[in-house]
Amino acid sequence: MTQAVESVEKRESSEAAGEALAAFIKRYPKLWVITGAGVSTDSGIPDYRDADGQWKRPPPVQHGDFMSSFAVRQRYWARALVGFKAMREAQVSGAHRALAKLEAMGHVELLVTQNVDRLHQRAGSKKVIDLHGRADVVACMACGYQMMRHAMHSEMARMNPAFAALDARHAPDGDADLEADFSTFNVLDCPRCKGILKPQVVYYGDVVPPARRLAAQSALQQADAVLAVGTSLMVYSGYRFCRDAHAMGLPVASLSLGVTRADGFLTHQWRAPLTPVLEYAVGRLKKG
Ligand SMILES: [Zn+2]
């Protein structure tokens, strides 16, 4: 109980945090931004971690398990038929829109997102790297054939009418809290070579493609500072950039409700709700 009280007290008013963020951007006008699940929770997409950065639900599927086990893939796709609706129906949030405005104002050198929902692009951000890929496209792991996720889901709903009729609480990454006997679920194979189809997402246990990592890394050279938004930075592939930026002598700031893995070297930290703080800062910068 004591901990909960302390973390509430540490939170700042949106106005004070927005004022401080605007001052930060005036001082460091070219930002290298990294975002995480927190920017999409207002869009109705659940996240995995609590304010202390701990798992609040079972961790997601591991790359090796997905590739090696047919039963894991049956469970994955059966649950996705239910849970992916949350991602498909998600709308951009005020946080997405404010970050797109910051880019339009010339303040974003690059936006690296750990989210796979493409909501930054839908909000109008153009300089975006989807660090962990995109959930709306699937690809064959053998021949590279690609198809849209919704087309694959439609086909599997047709192949599995009993499963398509189920409903359950939506979970992160297009998953759902559905428990059933998945052994009768029919998984769609690659239409070209019968290989394994997998979302174009970097799962836990897999690595970010080197070209993507290097593009994100090299943009740090052109930036004045790093701003992490709505991310605990618990995943190493995102955390490493902040660590590198710190080693380069760049200021590293965080706007998030919870703790981050980079707390030890953050130069600025605002523990406050994202959308009002970002909107306030954008308004403040427009006034000059
Ligand atoms: Zn194939």
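Cβ atoms are placed via backbone N, Cα and C, with glycine included.
What TrEMBL says about a protein is an automatic prediction, not a curated fact.
Quantities reported herein were computed from a predicted structural model and do not represent experimental measurements.
In the three-state DSSP scheme, His132 (active site, proton acceptor) falls into the coil class. Under the heading active site, proton acceptor, TrEMBL lists His132.
Per TrEMBL, the feature Zn(2+) binding site maps to Cys140, Cys143, Cys190, Cys193. Secondary structure from DSSP puts Cys143 (Zn(2+) binding site) in coil. Every protein chain considered, the tally of other Cβ atoms within 10 Å of the Cβ of Cys143 (Zn(2+) binding site) stands at 12.
Over the domain 'Deacetylase sirtuin-type' (11-288), the average per-residue pLDDT in this prediction is 93. Annotation source TrEMBL lists domain 'Deacetylase sirtuin-type' at 11-288.
Taken residue by residue with DSSP, Cys193 (Zn(2+) binding site) is part of neither helix nor strand, so it is coil. Taking His132, Cys140, Cys143, Cys190, Cys193 as the candidate recorded positions, the subset whose CB lies under 6 angstroms from any atom of ligand 1 consists of Cys140, Cys143, Cys190, Cys193. Cα spacing between Cys193 (Zn(2+) binding site) and His132 (active site, proton acceptor): 25 Å, rounded to the nearest whole number.
Every protein chain considered, the tally of other Cβ atoms within 10 Å of the Cβ of Cys193 (Zn(2+) binding site) stands at 12. Each residue contributes its Cα atom, and for His132 (active site, proton acceptor) and Cys140 (Zn(2+) binding site) those atoms are 17 Å apart.
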